[in-house]
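Structure first, commentary second.
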Amino acid sequence: MPLHQLGDKPLTFPSPNSAMENGLDHTPPSRRASPGTPLSPGSLRSAAHSPLDTSKQPLCQLWAEKHGARGTHEVRYVSAGQSVACGWWAFAPPCLQVLNTPKGILFFLCAAAFLQGMTVNGFINTVITSLERRYDLHSYQSGLIASSYDIAACLCLTFVSYFGGSGHKPRWLGWGVLLMGTGSLVFALPHFTAGRYEVELDAGVRTCPANPGAVCADSTSGLSRYQLVFMLGQFLHGVGATPLYTLGVTYLDENVKSSCSPVYIAIFYTAAILGPAAGYLIGGALLNIYTEMGRRTELTTESPLWVGAWWVGFLGSGAAAFFTAVPILGYPRQLPGSQRYAVMRAAEMHQLKDSSRGEASNPDFGKTIRDLPLSIWLLLKNPTFILLCLAGATEATLITGMSTFSPKFLESQFSLSASEAATLFGYLVVPAGGGGTFLGGFFVNKLRLRGSAVIKFCLFCTVVSLLGILVFSLHCPSVPMAGVTASYGGSLLPEGHLNLTAPCNAACSCQPEHYSPVCGSDGLMYFSLCHAGCPAATETNVDGQKVYRDCSCIPQNLSSGFGHATAGKCTSTCQRKPLLLVFIFVVIFFTFLSSIPALTATLRCVRDPQRSFALGIQWIVVRILGGIPGPIAFGWVIDKACLLWQDQCGQQGSCLVYQNSAMSRYILIMGLLYKVLGVLFFAIACFLYKPLSESSDGLETCLPSQSSAPDSATDSQLQSSV
């Protein structure tokens, strides 16, 4: 493949006035070129045919005729480097060049984003409970493991986005994917170094009478030290994923036409959202396999001591990341024909009021550490960018908070098991989140939204989701639980008067450490078999569930003559379930519908040399103000709705029973607060946005409309590749 050679210095087209003052002929270069010799963007004369030889007419000519010389001050063509061929250093065979297109790099970036979402947001969330059980971790320790990803990203975002933005983006991306794969392998390492998982079954703690010493046995296994290994794996995940959502997005955006960019970015983010869905499905299936594969056990998947094969998914994702990184490392600094799209983006940038924009227009700007303070200062002076960052932080707070605790909300409201609630939430997120993300980019492209119109679209989506949040004013009644919300006789219990001990189970010596709810034949839910007064005798009914007979705390049934209990929670008969699910779907859909338009607006309101750095700064703001505190804030208010806390040998554990009405009320308050802030930030951003040109749509007409047949053919090929 012929390589296009360019000089070390960028070529700047001067304005007509400056050209006249210097005595230069400002006739368009294409008119001075010899007939039949195509002119390559970035050079005055073409010495050879190349993939970049796409036009004989300068891209800025029609723009200058329509808007005057002001537009030409901003047009600079930057050197694309020594080669636009796809390959690894000197090895660039012609057969690889079929992948050297925007669609080719989009495929591999989607694969990387899918793996990142599947591992970090899928596998990690799925196996957290298993890790706590297997390695004796407390909840705050597992929370610190999850937060290590965001901590790593915040530490690396400034460095990666600033220097990677002016560097070789595919190489930054490829090495980042390799780091992600390494992090997955490190995360799975404790399974092979901690020894076998062996447990002893003791049914004495479950039934009446209980064995008091069976639960709080002193354990000094030292397995909790593996927390540091898990944190290291997550830290590598965070470092490796940092280039993906900053440099990856800008690399896609700068190599396609501005009208097609939202679609490409939407496909990229859709893959990132489908990744967690696959992670939940694959991770859930792997947890049904015993962690010590090949060894028989008496444990069942319903047992609180069961640990599934949590580590298999990380081995698979790590290997897949290594295979994905290799082709990404082979892509050039710029794809063939990409420079012609720089002119399209120039007039959509937010207009600055001083001369500092001239320095930012220098193609060498942002390549040294000396430019870092000015880069930050230029972004801080851009009110549209700041407001979009704040709006993104409010949306991130809701997304991270609700994605973390929505399964718990569904579990409490509809009396579901943890696996059922997670599966139901996954069914909501896949079409709502994935569909909203893709359609957001599709609408921006289909409606040809530019500038403030994109921000108005984000404002509309936020208002609709704000109205949908009002559904949390509804709630399902809590299932009555003996000793918590109802007395053992069935009457309502005043709030705050908890008493799990009654005359019917006083002689059972029930332990509060073992929570294993059962549903009595009287419609009440009991803390455990022991608290229901059930002896060890069992039988299996037609549905495969264990039924416990002769329970002393359950009133006798006239038909059967004795009270009995069934393992598991009582089912909910809430009639509002369909309505709640529909409106939760609406909130998720419109929240994700605005994500790609908001990202597009961010890319358009800053200058080309700063776009990667701007995305990095935005991600830092979003994570610090939204991603990290979001789950903490939602967890804090949800804990306020707790009625019964777990007693772990004298220490307070997790919440076991929530008050549904209070949980809905607190989520409603949090949702309204952050959605109102999001509406305000988008509205003010739309009001303050001032593009460099009155009509950014006119940039599309800057492309050559009249050219020779060979150039037209080349232009058609470039557009078809986009």
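Yeah, the Cβs are placed from backbone N, Cα and C, and that goes for glycine too.
Fair warning: this is a prediction, and the values are worked out from it, not measured in the lab.
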Candidates THR27, THR37; Swiss-Prot annotation phosphothreonine sits on THR37
Exercise. Do Swiss-Prot's topology records have ARG196 and SER664 sharing one side of the membrane?
Worked result: yes
Feature phosphoserine (Swiss-Prot), candidate list SER43, SER224, SER259, SER403, assigned to SER43
Per DSSP (helix/strand/coil reduction), CYS519 (disulfide bond) sits in strand
Nearest to CYS504 (disulfide bond) by C-alpha distance, among the disulfide-bonded residues CYS510, CYS519, CYS530, CYS553, is CYS553
ASN499 (N-linked glycosylation site) to CYS519 (disulfide bond), Cα to Cα, whole Å, comes out at 18
Filtered by Cβ under 8 Å and at least 6 apart in sequence, the residues in the chain of CYS519 (disulfide bond) near it are MET525, TYR526, ALA565, THR566, GLY568, LYS569, CYS570, THR571
For the topological domain 'Cytoplasmic' (445-448), the distant same-chain contacts (Cβ-Cβ under 8 Å, at least six residues beyond its ends) come to 259-260, 262-263, 457, 697
Residues in the topological domain 'Extracellular' (401-420) per DSSP class, helix first, strand next, coil last, are 17 helix, 0 strand, 3 coil
Rounded to a whole number of Å, the separation of the Cα atoms of CYS553 (disulfide bond) and CYS534 (disulfide bond) comes to 8
Given the topological domain 'Cytoplasmic' (165-170), its same-chain partners at Cβ distance under 8 Å and 6+ residues beyond its ends are 81, 105, 243, 246-248, 250-251, 328-333, 366-367, 609-613, 616
